[in-house]
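*Asks:* Got a structure for you, written out below as structure tokens; questions coming shortly.
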Ligand code: GDP
Ligand code: MG
Ligand code: K
């Protein structure tokens, strides 16, 4: 019997959703950084074994909507909860349940979904065993979770246990994707995510989340040895331009080099990457821009 189904991963920003998914599929796709809101879109990851296939949606963290982008992110997170076979909820090892997690737990209780919820307690590499037992007890007292699994996404600890639990809860179903496919996102989107990750990693808090990357050109040369990529990095303020470009262009060069290396690994091609920095005021507020960037 072949099993398959869809899994959504929810959790507040920075608990390690993207790290876990990258670990599961064994390849770096979803942008990871220590800044919240790195993941803006639903990215589909696919994990296939001989007798089952798990299709993951990497949803943006549920958070309070501050603007239209926040609104959009909140909506996509909640709407997926009813359409999936398993909900995976990730928390970290904090001993107190914060505001956002309280909100998520409240939401999960209120919508009273039948979908099984698997709780992952992540970052166990950062706490002591004794404290872990208390955490597990605290969460099991909520009577909300079918399973509670302590993991370290970063150290790849407990990830296999998690996959086994998924196998258990997924219904009988077809193989949706070929076994060697790990994502259904277009290459262009992944390339943009990689550039955005490098930009977020290198830039200080001065340029927080007002960054978007659009791929203007992505073309394999006819001899197929090189892929030419041109991308715009959008920022919200003129004053941020200096920071992103850096002294003598050092910062943009650094971002470009780091991104190029990863894109080359991903595509298995040599890459000629050109980056431009463009100021687009309040791009977050414009529905039309969201469309352009593919957040639809
Ligand atoms: P997301 O916002 O939930 O997708 O979180 P990310 O996957 O982007 O991770 C946020 C930060 O937490 C990154 O700096 C990760 O390296 C770090 N992180 C993720 N998983 C673990 C873990 O198991 N242990 C530790 N110590 N750090 C982790
Ligand atoms: Mg993420
Ligand atoms: K993040």
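Just so you know, glycine gets a Cβ as well, placed from its N, Cα and C.
Any TrEMBL annotation is an automated prediction that lacks curation.
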*Asks:* I'm validating the feature mapping. Which of 37-41, 42-46, 47-51 is tagged region 'G2' in TrEMBL?
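*Replies:* Here TrEMBL associates region 'G2' with the stretch 37-41.
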*Asks:* Could you tell me what the rest of the chain brings near the region 'G4' (122-125), counting residues at least six beyond its ends with Cβ under 8 Å?
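*Replies:* Answer is 15-16, 20, 90-93, 132, 150-155, 157-158.
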*Asks:* In the region 'G4' (122-125), how many residues does DSSP assign to helix, to strand and to coil?
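*Replies:* Secondary-structure breakdown of the region 'G4' (122-125): 2 helix, 0 strand, 2 coil.
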*Asks:* Per DSSP, what is the residue tally for the domain 'KH type-2' (195-281) in helix, strand and coil?
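*Replies:* Residue counts in helix, strand and coil order: 37 helix, 30 strand, 20 coil.
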*Asks:* Please report the DSSP secondary structure of residue 11 (GTP binding site), reduced to three states.
*Replies:* coil
*Asks:* Under 6 Å from ligand 1 by Cβ, which binding-site residues from 14, 17, 124?
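*Replies:* From 14, 17, 124, counting a Cβ under 6 Å from ligand 1 as near, the near ones are 14, 17.
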*Asks:* Among all protein chains shown, how many Cβ atoms are found within 10 Å of the Cβ of residue 124 (GTP binding site), not counting that one?
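*Replies:* So the number of other Cβ atoms within 10 Å of residue 124 (GTP binding site) is 23.
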